[in-house]
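**Q** Mind looking over this structure? Questions follow.
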Amino acid sequence: MIALSLAEIASVVGGQTYDIPDPSVRITGPVVRDSREVEPGSLFVAFVGERVDGHDFAVQVVEQGAAAVLASRPVGVPAIVVDDVQAALGALARHVVQRLGATLVALTGSAGKTSTKDLIAQVLQRKAPTVFTPGSLNNEIGLPLTALSATGDTKFLVLEMGARGIGHIRYLAELTPPKIGLVLNVGTAHIGEFGGREQIAQAKGELVEGLPEDGAAILNADDPLVRAMASRTKARVLLFGESGEADVRAENVRLTESGQPAFRLHTPSGASDVTMRLYGEHHVSNALAAAAVAHELGMSADEIAVALSEAGSLSRWRMEVTERPDGVTVVNDAYNANPESMRAALRALAAMGGASRARGGRTWAVLGKMAELGDEALAEHDAVGRLAVRLNVSKLVAVGGREASWLQLGAYNEGSWGEESVHVSDAQAAVDLLRNELRPGDVVLVKASRSVGLERVALALLDGGAEGEVSAR
Ligand SMILES: Nc1ncnc2c1ncn2[C@@H]1O[C@H](COP(=O)(O)OP(=O)(O)OP(=O)(O)O)[C@@H](O)[C@H]1O
Ligand SMILES: [Mg+2]
């Protein structure tokens with residue numbers, strides 16, 4: 001954080017100081033909510049959670065070197081006390097980003113926020129110091145904490161914004177007003193909570209409504225609900241996508257035989273070839289979005305193409321490809337799933353399988369339920385099961401309850417009889433089956449919604465050893 005004194009912070013958040021002998025002391029360490037992350041000079045933010053009360057750690061964090069605690073009651077050590085800690089944290093973030101010299105880039109969408117944010121960061125870092133959301137900390141607490149980790153040297157601040165309802169993105173965008181706002185897609189994630197795609201579009205589009213006139217709204221030309229957000233902003237609009245009308249677009253998109261996308265990148269300043277290290281064609285859209293941001297910030301097509309081609313996966317369990325010593329390849333995409341990413345992952349599996357089939361290998365899709373699909377759940381699971389058969393995936397292992405049976409039934413109805421598709425009750429059963437069946441050259445994709453925790457299957461296959469058990473979550 002830029003070094004503010006405790007007196008300044010108290011005034012910004014409208015708090016009262018307690019047990020602070022010297023209010024001119026500055027915060028020189030990170031602002032954190034987890035006592036394990038406290039460093040000398042930190043500001044510790046005490047939240048009252050369901051199981052843990054941060055105030056109970058106040059004495060300990062000050063012993064660890066924290067300069068003060070932002071709290072909702074006096075704690076016997078230096079503290080700035082406010083009524084609402086979350087609001088105070090937000091106010092502090094807003095104050096600090098106004099004083100930073102950094103350009104703020106914010107992005108939202110139904111799927112691919114973290115993957116795209118990691119791509120943007122890896123591209124922009126080549127140009128100037130960049131601070132970005134770690135992992136997926138995209139809510140009203142993670143966002144201000146990330147913003148507060150920027151320093152006077154930071155040139156680009158890249159923030160992921162998540163929403164579970166109307167007004168959430170507006171709130172976040174007011175805390176840290178972006179100059180560049182990117183909307184990736186409007187899918188079906190959390191559709192149950194939102195009520196429908198139109199409502200999701202309404203919520204995601206709040207990001208571009210607050211952009212300044214000299215800012216840029218970067219919108220997905222291939223997604224009609226995103227494209228339509230152009231009418232909701234006074235900022236300049238830049239379109240990305242495979243559509244011919246996109247300002248930043250991809251031509252000649254293909255998957256290499258290892259399942260990695262390759263394409264020719266066109267930006268208003270030139271064209272250049274990209275072959276990604278990431279797996280799955282859904283990353284083409286993510287890469288184009290990142291390219292549009294980088295173009296907007298002055299990078300050339302060649303610079304962007306090199307950065308995209310070298311970018312790796314910074315966040316875990318997203319198409320994480322590992323080859324075991326015995327020649328079985330495990331693709332762990334168990335972080336999350338929605339219909340769009342299920343299809344992309346299956347197509348990547350099919351591409352990877354093309355190479356392994358020549359060596360006698362088979363492709364396995366170990367899939368679990370896609371959550372929060374509302375009324376579309378049955379049809380979407382059925383369609384994914386059918387797609388697995390159409391793509392000629394060798395074996396579908398559907399894991400879990402009702403939704404898994406829909407996956408398996410879809411495959412069955414599409415023409416996969418007998419052992420080509422099976423339904424097992426849980427992760428342990430899937431691991432037991434796979435341990436017996438897998439042989440060198442096989443490629444196994446593991447994917448389901450976060451709540452299924454299907455990474456346990458991938459992890460057990462990778463390091464469980466012969467006797468490995470699925471570990472509890
Ligand atoms: N452009 C895309 N379209 C559809 N699915 C995608 C896209 N990019 C990534 N995915 C898939 O969506 C899942 C989540 O990816 P990622 O973590 O990048 O998204 P997110 O929007 O940050 O999710 P969250 O809402 O959990 O923060 C992954 O399984 C990935 O395969
Ligand atoms: Mg995320």
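Please read every residue number as a count from 1 along the shown chain.
The backbone N, Cα and C atoms fix where each Cβ goes, and this holds for glycine too.
Feature list, courtesy of TrEMBL:
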- 34-94: domain 'Mur ligase N-terminal catalytic' (DOMAIN)
- 108-294: domain 'Mur ligase central' (DOMAIN)
- Gly109, Ser110, Ala111, Gly112, Lys113, Thr114, Ser115: ATP binding site (BINDING)
- 318-450: domain 'Mur ligase C-terminal' (DOMAIN)
**Q** What kind of secondary structure is Ser115 (ATP binding site) part of, going by DSSP in three states?
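**A** It is helical.
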**Q** Measuring Cβ to any atom of ligand 2 with a strict under-6 Å cutoff, which of the binding-site residues Ala111, Gly112, Thr114, Ser115 qualify?
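**A** Cβ < 6 Å from ligand 2, in sequence order: Thr114.
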**Q** Find the average pLDDT over the domain 'Mur ligase N-terminal catalytic' (34-94) in the predicted model and report it.
**A** 96
**Q** In the three-state scheme derived from DSSP, which category covers Gly109 (ATP binding site)?
**A** coil
**Q** DSSP-wise, what's the residue breakdown of the domain 'Mur ligase N-terminal catalytic' (34-94) into helix, strand and coil?
**A** 23 helix, 12 strand, 26 coil
**Q** Excluding Gly109, Ser110, Ala111, Gly112, Lys113, Thr114, Ser115, which residues of the same chain place their Cβ within 8 Å of the centroid of the Cβ atoms of the recorded ATP site?
**A** Thr116, Leu184, Asn185, Asn286
**Q** Report, as a single number, how many Cβ atoms besides its own are within 10 Å of the Cβ of Lys113 (ATP binding site).
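**A** There are 23 of them.
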**Q** Tell me which residues of the chain lie with their Cβ under 8 angstroms from that of Gly112 (ATP binding site), as long as they are six or more apart in sequence?
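**A** For Gly112 (ATP binding site), the qualifying residues are Leu184, Asn185, His282, Ser285, Asn286, Ser341.
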